[in-house]
Amino acid sequence: MYKRTSSRDYSPMVDVEDSSGLLLENEVNKEMETTNPSWKCSLPHVLVATISSFLFGYHLGVVNEPLESISSDLGFSGDTLAEGLVVSVCLGGAFIGSLFSGGVADGFGRRRAFQLCALPMILGAFISGVSNSLAVMLLGRFLVGTGMGLGPPVAALYVTEVSPAFVRGTFGSFIQIATCLGLMAALFIGIPVHNITGWWRVCFWLSTIPAALLALGMFLCAESPQWLFKQGKIAEAEAEFERLLGGSHVKTAMAELYKLDLDKTDEPDVVSLSELLYGRHSRVVFIGSTLFALQQLSGINAVFYFSSTVFKSAGVPSDLGNIFVGVSNLLGSVIAMVLMDKVGRKLLLLWSFIGMAVAMALQVGATSSYLPHFSALCLSVGGTLAFVLTFALGAGPVPGLLLPEIFPSRIRAKAMAFCMSVHWVINFFVGLLFLRLLEQLGPRLLYSMFSTFCLMAVMFVKRNVIETKGKTLQEIEISLLAKP
């Protein structure tokens, strides 16, 4: 245990003889509190962190175009099970990585966690690129998956903890934008795969460059002041606050941390799974895991999986269809970035899930036998693009930003790890069962179920989610602690 001692005094005690000095200090403090810290100080640190999100998106899409060439070169062409494993083994690795992400982020710090996330991505991508058999390819993809599972929760934690309150939503949206850019980069880099023999190996090797930049860039980035404070490293926390917010805002930020620390002196340092599920913070953990579950049950991955078929039926080449989907995703993410700190997280979530429900209803309408063929195709394509766009407006970026905001600092990393594990489990089962359910239930009933889940999400958000726009993490935590 570290003893929390500071190189500065954050106590409210003053010398009564120095009343004139106190009045002057109060005026200065009031002026500081009415001005926001410069967002330029924390922006470089956030941009380096979002490289992990770029890698996440890249590795999600890197095998889509080259899969046929990979299966032909490695000798499992036509084996749909083997091809499915190449795509989905990352999910197993991601689940394992997400399970350990909380312990790694709390034990080693946020910066070291990013570097540990980059290492398996570099090693796994290299192994995948040199693989000459299915087993070696699966090993490389699994290693990449562990980095993919570790990266997103740590990125959400870090961006939330180093960003000033008034731009935290905007900076949090960078995570979703970086993921979109990674997906689109994988698509464009994979285009020559049908014309250049062995190009799929280059697709894997190229990903080692941003992974190395992430590992090296973190040496220059600030550590999370909240994590340093939890470790008892008060002077280091002050120094990092000064780098991220500017010297005039250090005193206020540290005072809020001390207030929270005094409120939680009776809580143990170790966070157990039983505490997350049944302790005093179980409600916020339930809200977080349910949001991630509803995000996946909305059908977003099913839409991504099935979009190529939708566009092919409309006579649109799959490459062009994927570009349309990627542009819709990116456009929605950019709009979310602009609106996040203006309209707030809760309103974006509500309208996003409402829009997704309507888009799914369009998909249901497209299956009607009473519509002309052209009208049905227009509804299907329009519904697909509208669904992706409205997802990117709120349901995509908001949960990853909102949850680190509402989780108390003591449980933040472990709670994010638990919620991301729920995300990956639901993601896996949706991907596993989607085609089977589509065959047995038909698109009309299945898309109706997805639309229903979107409407359930609207009701859940309306009843349970609080607005965090413009509040510091300490203010949010204090307000939640005050609730019975």
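Using N, Cα and C of the backbone, Cβ positions are placed for all residues, glycine too.
Please treat TrEMBL annotations as automatic predictions, because they have not gone through curation.
What TrEMBL annotates here:
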- 45-469: domain 'Major facilitator superfamily (MFS) profile' (DOMAIN)
- 42-61: transmembrane segment (TRANSMEM)
- 81-101: transmembrane segment (TRANSMEM)
- 113-132: transmembrane segment (TRANSMEM)
- 138-159: transmembrane segment (TRANSMEM)
- 171-193: transmembrane segment (TRANSMEM)
- 199-221: transmembrane segment (TRANSMEM)
- 284-308: transmembrane segment (TRANSMEM)
- 320-340: transmembrane segment (TRANSMEM)
- 347-368: transmembrane segment (TRANSMEM)
- 374-403: transmembrane segment (TRANSMEM)
- 415-438: transmembrane segment (TRANSMEM)
- 444-461: transmembrane segment (TRANSMEM)
Subject >> Long-range neighbours of the transmembrane segment (284-308), counting only residues six or more past its ends (CB under 8 A) >> reply: 276-277, 318, 321-322, 325, 353, 356, 360, 384, 387-388, 391, 395-396, 399, 402-403, 406-408, 411, 415-416, 418-420, 422-423, 426-427, 430-431, 434-435, 438, 446-447, 450, 453-454, 456-457, 460-461, 464-465, 480
Subject >> Candidates 42-61, 113-132, 415-438; stretch with most C-beta pairs under 8 Å toward the transmembrane segment (171-193) >> reply: 42-61
Subject >> Candidates 113-132, 374-403, 415-438; stretch with most C-beta pairs under 8 Å toward the transmembrane segment (42-61) >> reply: 113-132
Subject >> Same-chain residue ranges lying at least 6 outside the transmembrane segment (415-438) that approach it to Cβ under 8 Å >> reply: 88, 91-92, 94-95, 98-103, 105, 149, 152-153, 156-157, 273, 276, 281, 284-285, 288-289, 291-293, 295-297, 299, 301-302, 305-306, 403-404, 407, 446
Subject >> Contact call for the transmembrane segment (320-340) against the transmembrane segment (138-159), three or more Cβ pairs under 8 Å >> reply: no
Original post:
Taking contact to mean three or more C-beta pairs under 8 angstroms, with sequence separation of 6 or more, is the transmembrane segment (199-221) in contact with the transmembrane segment (113-132)?
Top reply: yes
Original post:
When each of 81-101, 113-132, 138-159, 347-368, 374-403 is checked against the transmembrane segment (444-461) for Cβ pairs under 8 Å, which one has the most?
Top reply: 347-368
